[in-house]
Amino acid sequence: MSPRQPLVLALLVLGCCSAAPRRRQPTLVVFPGELRTRLTDRQLAEEYLFRYGYTRVASMHGDSQSLRLPLLLLQKHLSLPETGELDNATLEAMRAPRCGVPDVGKFQTFEGDLKWHHHNITYWIQNYSEDLPRDVIDDAFARAFALWSAVTPLTFTRVYSRDADIVIQFGVAEHGDGYPFDGKDGLLAHAFPPGPGIQGDAHFDDEELWSLGKGVVVPTYFGNADGAPCHFPFTFEGRSYTACTTDGRSDGMAWCSTTADYDTDRRFGFCPSERLYTQDGNADGKPCEFPFIFQGRTYSACTTDGRSDGHRWCATTASYDKDKLYGFCPTRADSTVVGGNSAGELCVFPFVFLGKEYSSCTSEGRRDGRLWCATTSNFDSDKKWGFCPDKGYSLFLVAAHEFGHALGLDHSSVPERLMYPMYRYLEGSPLHEDDVRGIQHLYGPNPNPQPPATTTPEPQPTAPPTACPTWPATVRPSEHPTTSPTGAPSAGPTGPPTASPSAAPTASLDPAEDVCNVNVFDAIAEIGNKLHVFKDGRYWRFSEGSGRRPQGPFLIADTWPALPAKLDSAFEEPLTKKLFFFSGRQVWVYTGASVLGPRRLDKLGLGPEVPHVTGALPRAGGKVLLFGAQRFWRFDVKTQTVDSRSGAPVDQMFPGVPLNTHDVFQYREKAYFCQDRFFWRVSTRNEVNLVDQVGYVSFDILHCPED
């Protein structure tokens, strides 16, 4: 054996034993509540081609050749390589965020004109997203309209009623028009072509993160930046921050820089916090007092206890039980999670995940690299989480595109055009010369052309201060809600559960402000365990044990801005807390501050023989009895349709009540049938409905004085 042979063997052994160690595979987990698509590429393609008008059937059986023609059509429309194959470029386009209006064909809800036949177009912002301050949303929509008015003779006027030509709405999932949104990303918004009713309206998916295209917009308070919004990311002591922070402070107050580099510019402000101010409520915007006592229990943070609508609130004195003063806690878009199973909650830092502590958003555990956080201090035990905010979608750009549809424009196949169906962020005016030619073909040029509105430039720092961020010792927040204080009910700060968290009593609309002077009410409903009585655009609230005097009047338009002044009936569905309002042949559905509708009664399965719904009685299992035309139907809240076979005369189930009742409602688990000023109360014993009381609505229910 050669003397070198042992050395060779030794080297081989050494080389074998010193091979590079394997890299540790990342731990991937299935996050609870996350919707995971199981669609194959073909299923995705079939669904996409059907949704956007390229095929007329949702599922196409056969081999890949059956997709060839619709794929060629799609590729031509989207300016993709025309291969007729389901290639990577086509699949990538199908997964891109986009407008929900079909590329081929139109929404078929109503017959609509191709254009408006008047030039002064009105619009109404029916509700708002919580992602942006309201003034920022107002400005984004105004600038989007200004793009089109700059190149046409059209003018756009904001109004505050449903009579507007274009009604703007934020909604989620199925929101009342038959064209549901699909959750975060994907379908961003849609709009209808000009015409009456829902035609011309623009709807935005409120499960998206709406921004100005560069990340969340967080206003600041105090500091030295005059209320300028946070700049994310920003640098502080050499470290980059993508959210408000408490670093550098001993008082725990969250702050941010309003320029890209605090170390250089020294411009800052404090982020929205309940320690700075509260919203609405009855405490005139005063900050929270921690700890505070509610129903004998001590709270050191905002809570949703005592509320059915999920709004976070706090007391503004040490004892809510004693002082009854409260406000609603502001939210911060930079730390409010999107999706997951805790949408709308705040990130909690630090949090524990797989035994390790995290002080910022992380992509650990995820295959797609998306940043997420826990909304409690321990994900391992609580499994509560959501995605951290990303750059979001520019509300201005998406609105400008949707308003193009509302004016009569179709999608374009030119990727550079504003009317191209896919979303892309860009600076400056998004109007392409092809967009201008299209809109001027419909309306002509602007006889007095002016440059379109541009984004207000970010304020530039002046002389940098010499001190680090300090808490203003004496001043209070300079801005707080303008609504008048409202007395909190004795059971806790509930307020109307559907609109902005509180509704303030309004100035009287006529001398008959006293509810006891109303002879016959338009509608009566139990909402949030309180009886609500409606009349001529106003309503009063009444609860047994709250001083036995109704609160109000309140304006319907302030609490539920989408509703008409005259209502026929209303009810709250016990399981989902959805509110249904009926007026004439239309219905509106409120979920929190979001509204679906108006929808026609035909959509529920009620034909023209039912001129209006006169009342409703919720039943178990998501069922409701709807009344109208002296008959009743069983209504399924989930499908929002009536069982057409269930129509039966009222006296068949409720013997002894008048047939020509104008309102039917449920209160304290009993049914009430109203005729003129009187009611017939029905209780159920041994599955038999019996009238057990006849009385006056004013005297026997509202406890008005008999004088």
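Each Cβ is built from the backbone N, Cα and C atoms, and glycine gets one as well.
Source: prediction; values computed, not measured.
Swiss-Prot lists Asp131, Asp206, Glu208 with the feature Ca(2+) 1 binding site. Glu208 (Ca(2+) 1 binding site) falls outside any helix or strand according to DSSP and counts as coil.
Residues or ranges marked as Ca(2+) 2 binding site in Swiss-Prot (evidence: similarity to another entry): Asp165, Gly197, Gln199, Asp201. In sequence order, Ile166, Val167, Ile168, Gln169, Asp177, Ala191, Phe192, Ala406 make up the list of same-chain residues 6 or more apart from Asp201 (Ca(2+) 2 binding site) whose Cβ falls under 8 Å from its Cβ.
Feature annotation from Swiss-Prot assigns Ca(2+) 3 binding site to Asp182, Gly183, Asp185, Leu187, Asp205, Glu208. Take the CB of Asp205 (Ca(2+) 3 binding site) and look out to 10 A: across all protein chains shown you find 27 other CB atoms.
Over the domain 'Fibronectin type-II 1' (225-273), the average per-residue pLDDT in this prediction is 88. Among the features that Swiss-Prot reports, domain 'Fibronectin type-II 1' is placed at 225-273.
Taken from Swiss-Prot, the feature domain 'Fibronectin type-II 2' applies to 283-331.
The domain 'Fibronectin type-II 3' annotation in Swiss-Prot covers 342-390.
Taken from Swiss-Prot, the feature repeat 'Hemopexin 1' covers 518-563.
Taken from Swiss-Prot, the feature repeat 'Hemopexin 3' applies to 610-657.
The motif 'Cysteine switch' annotation in Swiss-Prot covers 97-104.
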Compute the centroid of the Cβ atoms of Asp182, Gly183, Asp185, Leu187, Asp205, Glu208, then list the same-chain residues not in that set whose Cβ lies within 8 Å of it, in sequence order, for the Ca(2+) 3 site.
Pro97, Phe181, Lys184, Gly186, Leu188, Glu207
Near the motif 'Cysteine switch' (97-104), which residues from the same chain, at least 6 beyond its ends, have a CB less than 8 A from one of its CBs?
51-54, 73-74, 77-78, 179, 181, 185-191, 393, 398, 401-402, 405, 411, 421-423
Take the Cβ of Gly197 (Ca(2+) 2 binding site) and count every other Cβ within 10 Å, whichever protein chain it belongs to.
14
DSSP on the motif 'Cysteine switch' (97-104): how many residues come out helix, how many strand, how many coil?
0 helix, 2 strand, 6 coil
Proximal residue to Asp185 (Ca(2+) 3 binding site) among binding-site residues Asp131, Asp165, Gly197, Gln199, Asp206 (C-alpha distance):
Asp206
Sparsest-packed among the binding-site residues, when each Cβ's other Cβ atoms within 10 Å are tallied, from Asp131, Asp182, Asp206, Glu208:
Asp182
Cα distance, Glu208 (Ca(2+) 1 binding site) to Leu187 (Ca(2+) 3 binding site), nearest Å?
9
Across all chains shown, how many C-beta atoms besides its own are within 10 angstroms of the C-beta of Leu187 (Ca(2+) 3 binding site)?
20
